[in-house]
Amino acid sequence: MKLLQDKIMQEGIALSDQVLKVDAFLNHQVDPVLMAEIGKEFAARFRAERITKVLTIESSGIAPAVMTALELKVPVIYARKRKSLTLREDLYTEKVYSFTKQEESEVSVSKKFLFAGERILIIDDFLANGEAAFGLARIIEQAGATVSGIGIVIEKAFQPGGDKLAAAGYRVESLARIASLGEGSIVFADERQHQSV
Ligand code: G4P
């Protein structure tokens, strides 16, 4: 998605060869015009999947997920992250380990909002190792619902998440794919638009 690539080139900062800082438009300050375009793009790509709900994870997935759900005219749920839980019986819960942050969090969604037979689109801001997306997929599968697609705003293609999700049979669409990062350099890879087989 050219608009997103241009924004990353203008306002993204490669903090190291591993981490891209995009707090000017996605992770802290949010650009609503860009988010609206991202929502339209994901909706166009996944409309044929007859999505019934969008699922993301707090906090930075919420903006693109809401704009996508607005276009698809379906509700959006954001999974909550918390260290300890008191009301487990009303929640679908999965552990998610972040290699980037080196911490494990417990991710949960209320059973009130996710049902068997639903067709769920996962949206997230970043894809690195795929742990968050796999955790959300396990929650969807716990509910007896279907993962109908995974939409990622920025995929770090030099990390294994995208390939692992595709190998597991999920349809992954990333709007920007980063091939490599270096001091002062951001190199894009071709977009991922593969279909599960
Ligand atoms: P994974 O789910 O693909 O395995 O990713 P990982 O655990 O490595 O990432 C954990 C957190 O770090 C996520 O945010 C993710 O968005 C973020 N992250 C990973 N790589 C980058 C990067 O290069 N740049 C930026 N800006 N963020 C990155 P989170 O903990 O869920 O936080 P948030 O959603 O509240 O921002």
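Including glycine, each Cβ sits where the backbone N, Cα and C put it.
The annotation in TrEMBL ties Asn27, Lys156 to xanthine, and of the candidates under consideration, Leu20, Leu34, the one tied to the same site is Leu20. Within the same chain, residues at least six positions away from Lys156 (xanthine binding site) with a Cβ under 8 Å of its Cβ are Gln18, Leu20, Phe126, Leu127, Ala128, Ile178, Leu181. Site extent for xanthine: the farthest pair of Cα atoms among Leu20, Asn27, Lys156 sits 15 Å apart. Mean pLDDT for the domain 'Phosphoribosyltransferase' (48-156) in this predicted model: 94. Excluding Ala128, Asn129, Gly130, Glu131, Ala132 themselves, the residues of that chain whose CB lies within 8 A of the CB mean position for the 5-phospho-alpha-D-ribose 1-diphosphate site are, in sequence, Val96, Ser98, Phe99, Leu127, Ala133, Phe134, Gln159, Gly161.
Within 10 Å of the C-beta of Asn27 (xanthine binding site) there are 15 other C-beta atoms, taking all protein chains into account. Taken residue by residue with DSSP, Ala128 (5-phospho-alpha-D-ribose 1-diphosphate binding site) is part of neither helix nor strand, so it is coil.
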